[in-house]
Amino acid sequence: MTVTKMSWRPQYRSSKFRNVYGKAANREHCFDGIPITKNVHDNHFCAVNARFLAIVTESAGGGSFLVIPLEQTGRIEPNYPKVCGHQGNVLDIKWNPFIDNIIASCSEDTSVRIWEIPDGGLKRNMTEALLELHGHSRRVGLVEWHPTTNNILFSAGYDYKVLIWNLDIGEPVKMIDCHTDVILCMSFNTDGSLLTTTCKDKKLRVIEPRSGRVLQEANCKNHRVNRVVFLGNMKRLLTTGVSRWNTRQIALWDQEDLSMPMIEEEIDGLSGLLFPFYDADTHMLYLAGKGDGNIRYYEISTEKPYLSYLMEFRSPAPQKGLGVMPKHGLDVSACEVFRFYKLVTLKGLIEPISMIVPRRSDSYQEDIYPMTPGTEPALTPDEWLGGINRDPVLMSLKEGYKKSSKVVFKAPIREKKSVVVNGIDLLENVPPRTENELLRMFFRQQDEIRRLKEELAQKDIRLRQLQLELKNLRNNPKNC
């Protein structure tokens, strides 16, 4: 297979998406005053669905994130309620694709947690998770929900392992142990039968997740891969990374033959990470650079030249990360085909950016809104773990978004276990895993000691009072 070097010049061709343009929301429709995390981990720190926006925030003594109803735009108060149950920095958050108020988070405290957000949003700080999942020995950097199966969650840790969790029982059911360094990115194909990963060991892998077997592997020496995404049903992968000349680069791969990339294209000489986003409905690819304000977009086809440049959205405000609205949350009346939620750290701002196809008619445009994966799962955890693959359940966007009422998350009931040694419950008193957790435990113990000392002092005073009263009674028996 020969490698085709693509020109930087845009290649125009007949396309219904050649005039797509980006439109940033007005300031009153943005989310302002948010203390966005300063963590340098290469994640988006943002997740969005048709009802809520979640953003990882800067906090001391543990990790936290905000969950804001989408209609609550404008300035967010500093004391706005947070989800703050983690003992370490939160590194990734993802909404359940089938249940709008269930969100997963992972943290430096080695745990993965599942949270249930009330329908109207948070009224007070949430510290108790619906589920706490412990299985990694080091920090957990990534979480991903299975695209077609309810209650199957993947987590990748700095222990080089990927754990597959069945949330029906709250336990890990599979472990993928083929990586030799930190996992940078995970992506599923359409039916979730394949998982692709990028890793710090400079390898791109295609994995059968249930068995953990590596089907294809590429040793990317000339194209150091950072991010990867499956391109729908095309049997193609697209990676972003860095070339041997330290320029930002993308590469297109055949998922069944990773010996060489089909094409490579150099983007620019900037140093920020390139985030790829693929829309299988329109076959459009979006490339957004971390630390710059530009979003390039292309159209992908199964025939040469495979990748056709369309346009670029430019903004002077640099982005730290980007959340993406699911298809069923888009405004079809405005011919919106994609929507980003851009994190601008310097301004404490979350800015929605809509990608719009210009059309004169106000009627529903069926040619740009085909049937799309909806909010109903195609499989149960037992079916998927048993080897069944099934395409997503499709929905039409013509009727607009309707909240799913069929899928309900039920946390497994766990019997509390105890191991008592010398009167101490060892499972109740778990040793701290991080320095932040140790400090929190230390200050908590100091407060407890101070409180007990005050109680003891009050009891000493009361005891002396009673002793005096008793002495008086003995000295004056007539007063009895």
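Just so you know, glycine gets a Cβ as well, placed from its N, Cα and C.
Under the heading repeat 'WD 1', Swiss-Prot lists 85-125. Using a Cβ-Cβ cut-off under 8 Å and counting only residues 6 or more beyond its ends in the same chain, the repeat 'WD 1' (85-125) has close neighbours at 37, 39, 41, 43, 45-52, 54, 56, 62-65, 67-69, 72, 131-145, 147, 150, 153, 155, 157, 165, 167, 326, 373, 375-377, 403-404, 407-409, 411, 432-434, 436-437, 440.
Across the repeat 'WD 2' (135-177), the DSSP tally of helix, strand and coil residues reads 0 helix, 24 strand, 19 coil. Per Swiss-Prot, the feature repeat 'WD 2' maps to 135-177.
The repeat 'WD 3' annotation in Swiss-Prot covers 179-217. Residue counts for the repeat 'WD 3' (179-217) by DSSP state, with H, G and I taken as helix and E and B as strand, are 0 helix, 22 strand, 17 coil.
Counted with DSSP, the repeat 'WD 4' (220-263) comes out as 0 helix, 25 strand, 19 coil. Under the heading repeat 'WD 4', Swiss-Prot lists 220-263.
Annotation source Swiss-Prot lists repeat 'WD 5' at 265-308. Beyond the repeat 'WD 5' (265-308), the same-chain residues lying 6 or more positions past its ends with a Cβ under 8 Å from any Cβ of the stretch are 4-6, 8, 10-13, 15, 17, 20, 22, 42, 44, 190, 226-234, 236, 238-241, 243, 245-252, 314-322, 324, 327, 337-338, 340, 353, 355, 368-370, 372.
The feature coiled coil is assigned by Swiss-Prot to 436-479, with sequence analysis given as support. Beyond its flanks by at least six residues, the coiled coil (436-479) meets 61-62, 87-88, 108-109 of its own chain at Cβ-Cβ distances under 8 Å.
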The repeat 'WD 1' (85-125) - residue tally per DSSP class, helix then strand then coil: 0 helix, 20 strand, 21 coil
